[in-house]
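Database features (TrEMBL):
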{"type": "BINDING", "residues": "H454, H459, E512", "note": "Zn(2+) binding site"}
{"type": "ACT_SITE", "residues": "E455", "note": "active site"}
Amino acid sequence: MPVDRSLHIFPNDTPVCQLDAVDAFKALTEQERKYAHFLSKASFNGALACFMQVSPESPAIFYVLYKLFKAESIEQLKEKAVSVGFSDDDWQAFIVYAAVMYSNSGNYKGFGDSKIVPGVEEVSFFEVFFLTTFVFFQSKIRALIEKSVAGKDEKVKKTWDSVEKVIGSLNDNELQLGFGDVGVTSYLSSNITKADAEKIDRFLKQNNLESWNTRLFKEVGGDGKTTFTIRHASSEEGVVSEPVEFEGDVVQIVKGDYSPIMKRLHEWIDKAVPVAANKNQEEMLKKYVEHFKNGDIKLHKDGSRYWIKDIGPVVENYIGFIENYRDPAGTRAEFGGWVAAVNKETSRKFQTLVANAEEILKRLPWGADYEKDAFLKPDFTALDVITCAGSGIPAGINIPNYDEIRQSEGFKNVSLGNVISAQPKQKMNFLDEHDEELMFKFHKDSFEVQVGLHELLGHGSGKLFQKNADGTFNFDTEKVKDIVTGGPITKWYEPGETWSSKFGAFSNPYEECRAEAVGYVLCCDKDILEIFGYTGEVAQDVKYVNWLSEIRAGLLALEFYQADQKKWGQAHCYARYVLTKVVLEAGQGFVKIEETKGEDGKPDLHFKLDRNLIDSVGRPAVTAFLAKLQAYKSTGDFEGGKKLFESYGGVGETELHWRDVCIARRKPRRIFVQSNTVESNGEISLVTYSSDAAGVINSFVERFDDETLEDLHACWANDQKWF
């Protein structure tokens, strides 16, 4: 079946939204600005590791594009592009590709995990017949590089030569991130299989180790002996543990992955220590510096412990290998770093929610036995992001992700206000005019409510039943009953097991679904809506728009279903689709998806949710499903949880037809242009850029220097033997 190339091209009208931090930055003192600046530089420098994690070619593409746009202005390059055959559409497609590639920290979508290719291909039938589209549009880009100033550099030319063939290719095993036999990843060498990854998971569990900041490489020697090398991210290089035999193979642990990048990262963090606001921040940063030096994840955990004690800082940040969405095995984490300033007015709402959290948690459908022994009231603030470095920018965050800290010591929640408010005004597919108007009017308000409930009471709720090393349990084995069977608890987490290690890649969509469901259920309560400032008819509209937006999102999520492989490519999409199927199963006309014809005569859909049935049909259905999700998570019952989830996550013929319509009528996903902080004569200022592809490109060019890019290139070159 031929690949639909359009699914892998960001259109020329891709919206670029300004991540507006001007007012937030103005409100900071000079000391706070310096703190924000040093940690912003640390975040962006560290995030170069993301390019190393995504695909073998991503760092090289970034290197060539950086050199190209660094040496000449966009206007100068456009003139040269036109002279070698680019049309205006070709040029726009090229700079959109560059901007999107930068924004996703690689040539695979941060949201969706599918490959991104350039849209430079306005060709005639004659050219396609004799050349192939791929060769034609690559030859245009090659011609531009050869004519450019950067192209005179032999290193740039050789780097381009090494990746040119894969930049635009869409072979079956290149379409998505995944293990090397079916996809692409740089977390693992290309010869590593799912079985290999599971073997190393067993090794890590047996040795009480975790893989957050690691990559895994496999080498088969001339004697047929297989050696697995676990590489920790750190500036220091060397052996962590000598090779040992495990299940017939050899496993060794070393440090020094992304070494020069990690060195730049911790040097910037170190500069922030003298301008920290308090002792907690100082100790946090010192632990992070040591962690990025030697790769010991325990040091990052200790830094995170200081972080959760730093309540209500004016400048908030978190940095490290945090989210494990994109590792095919679901255990290794992507680098991410962000810096933000507190929005005091919105934060007051969230702090009120926190103050009432213990009472609200009692409304969730699992009872006190399935809740943490004591609710550890977290810091919950609304922030305006100054810097967010990684493969995407979330609307809300609940961290740290370390189970032992979250379960017994605490966590923080943040809502990123300027991300939520940065919405391009695009037609909202499948809605009637009245619902579309309500969505435009109340989307920001409803999303703020959903994010607050999702992060604090979704991710922040629930207990994991654990067996301790001494044979005792963290729950009453006589008293506590299984929610699903009504009988005694027969499954739990053994010593060394965590939520991520037990559920693997499945843990992400499952947990996102659980947190989303909490938001759906609790947004129905009048007093909760009042906390956010909504009463009367407005409150009912906010509640309705939340359900409408989220359940419709489950329909739109079908765009991210990989029909050829029968798998989902994005955790949040899979989660929302499952919940949409739950309410469709509830019936009674609560949710209707009808196949229609659009004004253009092409297939269309009409989505309708009956607001009068939210409390009587929608909420009970989601509540019952949520109870089962929590039961399987608490008991570590992977088999039961997977069976439940997949029973709703299947995509049949009807849904495949809906998927075709969703794809045909999809809207381009927004990307962001971020500011840069700049130091001059001891003072820090904020530099902003235009809200277009050129603005994104210029922001990245000015964010780094040549030496930093040479470090990235060196890391990439050292990796080539593994792919």
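Just so it is clear, glycine is given a Cβ too, placed from its N, Cα and C backbone atoms.
It is E455 that, of the recorded positions E455, E512, has its Cβ surrounded by the most other Cβ atoms within 10 Å.
Taking the C-alpha positions, the distance from the residue listed as 'active site' to E512 (Zn(2+) binding site) comes to 10 Å. The most densely surrounded of the binding-site residues H454, H459 is H454 (count of other Cβ atoms within 10 A of its Cβ). The Zn(2+) site is set by H454, H459, E512; from the centre of their CB atoms, other residues of the chain with a CB within 8 Å are G396, N398, E455, G458, E511, R514, A515, E516, V518, G519.
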